[in-house]
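**Student:** Before we start, here is the structure in question, set down as structure tokens.
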Amino acid sequence: TNPGFVVRITQAGLDYAHQHGIAILEKELARLKLPDISGDFRFLGKVYYWISNLDLRTFHLPHSRISLVPNVGLQVSISNAFAELNGNWRVKYGLIRSSGSFNLKVENIYIRIDLRLGSDSSGKPTVDTSSCSTRISKVRVHFSGKLSLLYNLFRKAVESRLRKALEGKVCDEVAKAVRNELQPYARTLPVTARIDAVTGIDYALVAPPTATAHSLDVGLKGEFFSLATRSTVPFPPLPLHLPPDHDRMVYFGASSYFFNTAGFAYHSAGALVFEISDSTIPRGADFHLNTSTFSAFIPQLETKYPNLPMKFRLSTPSAPFLSIGPGGLSLQPVVDVQAYVILPDTSLAPLFLLSLTTNVSAVVDVRSGRITGSLTVGRIKLSLKQSDVGTFQVRTLQSIMNIVASKILLPRLNARLGQGFPLPLPDRIQLSNILVRFHQNFLLLGADVQFQPR
């Protein structure tokens with residue numbers, strides 16, 4: 001299926017992640033444990049030697065890079081790495097017994113790691129080591145002790161065996177680091193995010209991440225849903241093709257499908273219903289929500305319901321549909337305004353039903369890893385759909401409806417939009433240097449990232 005939301009990690013973003021990953025791998029390799037070594041050789045008789053208590057002091061990875069392998073995944077290449085370890089040696093030659101310590105320097109270590117990227121049944125990303133190879137070209141052992149003639153005889157054997165032991169252990173440690181560090185961290189990417197008491201967002205991967213020559217693209221479902229009952233969205237996501245921008249570390253493509261499923265989810269949950277009474281009229285407004293005020297426009301109200309409070313119920317007959325283009329984000333919602341009179345026994349009697357239409361534009365921003373927004377209402381148009389109090393001139397209510405829409409309804413909506421909706425970010429990631437651009441049918445957000453260590 002087409003994604004409703006796309007995350008693109010550029011080479012700059014991969015390089016930044018690679019810096020932190022290499023630092024972790026360096027620490028893991030520094031804890032690498034090597035087995036004891038023993039053997040024998042003939043020199044005017046049999047000589048037995050033992051190498052034990054191997055202690056890896058340092059393991060440095062000074063030169064490394066991460067590369068995109070199109071349609072495959074990622075490759076990490078490490079060159080000119082070096083390590084140093086200490087240990088003890090012991091030798092037996094007939095009645096001669098001797099022991100001491102040694103220092104081993106390992107230089108020109110080359111490591112190549114291929115990472116396979118995927119997704120599991122829940123839509124979470126997966127990462128695994130598909131292959132790993134290690135090559136060591138230089139090993140130097142320095143023994144300390146008095147029997148230099150003997151231990152120089154088994155120096156080459158020790159160097160060869162330690163080289164092979166290290167080459168085998170390094171890839172084991174790499175696989176362990178990927179399994180214990182990288183994979184759990186990748187799974188901190190939220191595939192569902194609760195928004196409020198009404199809705200959530202589905203950020204499950206719709207396919208494994210795709211490596212291209214310049215970026216790593218991750219297609220997400222990008223769909224809002226009602227927490228009460230999840231209904232099938234009655235419109236499909238369109239293909240989403242991000243532009244070839246690479247100035248930021250990461251880009252987010254939020255399609256019109258993503259935003260329109262929000263309207264569908266809130267509408268399905270019955271959350272796009274607002275009730276307005278006289279107590280919600282802002283201070284400073286020169287009217288009250290009662291029949292005395294409205295009798296100036298609808299004279300029959302004073303006769304039928306003299307001096308009684310009123311209530312408006314605003315609702316959307318269908319989910320609002322939003323459009324995104326190079327000029328920005330806009331929608332033309334249709335709102336039904338049902339007016340009631342509140343009778344002395346607190347029951348409601350219907351008065352009239354208006355249809356309110358207007359042009360709405362939106363400003364979008366990103367704050368604290370959340371998409372935020374605010375709406376601006378254009379000119380309002382009114383039409384009468386039904387009346388229980390006879391005919392009247394709808395245009396006379398224009399000024400009051402302007403106040404209701406701009407001073408009451410809009411602040412409520414903007415307060416909610418100001419709280420924002422979370423972007424799909426793994427743990428401890430903060431965004432900076434934000435870029436916001438509008439394209440046909442999608443919103444493009446660009447950012448640099450900062451990782452916050454524990």
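Each Cβ is built from the backbone N, Cα and C atoms, and glycine gets one as well.
Note that this is a predicted model, so its numbers are computed, not measured.
Straight out of TrEMBL:
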- C132-C171: disulfide bond (DISULFID)
- 8-229: domain 'Lipid-binding serum glycoprotein N-terminal' (DOMAIN)
- 244-447: domain 'Lipid-binding serum glycoprotein C-terminal' (DOMAIN)
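In the displayed structure, how are the listed features positioned relative to their neighbours?
**Tutor:** When averaged over the domain 'Lipid-binding serum glycoprotein N-terminal' (8-229), pLDDT in the model lands at 91.
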**Student:** Counting across all protein chains present, how many other Cβ atoms fall within 10 Å of the Cβ of C132 (disulfide bond)?
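**Tutor:** Neighbour count, Cβ to Cβ under the 10 Å cut-off: 18.
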**Student:** Starting from the Cβ of C171 (disulfide bond), draw a 10 Å sphere and report how many other Cβ atoms land inside it.
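**Tutor:** There are 17 such Cβ atoms around C171 (disulfide bond).
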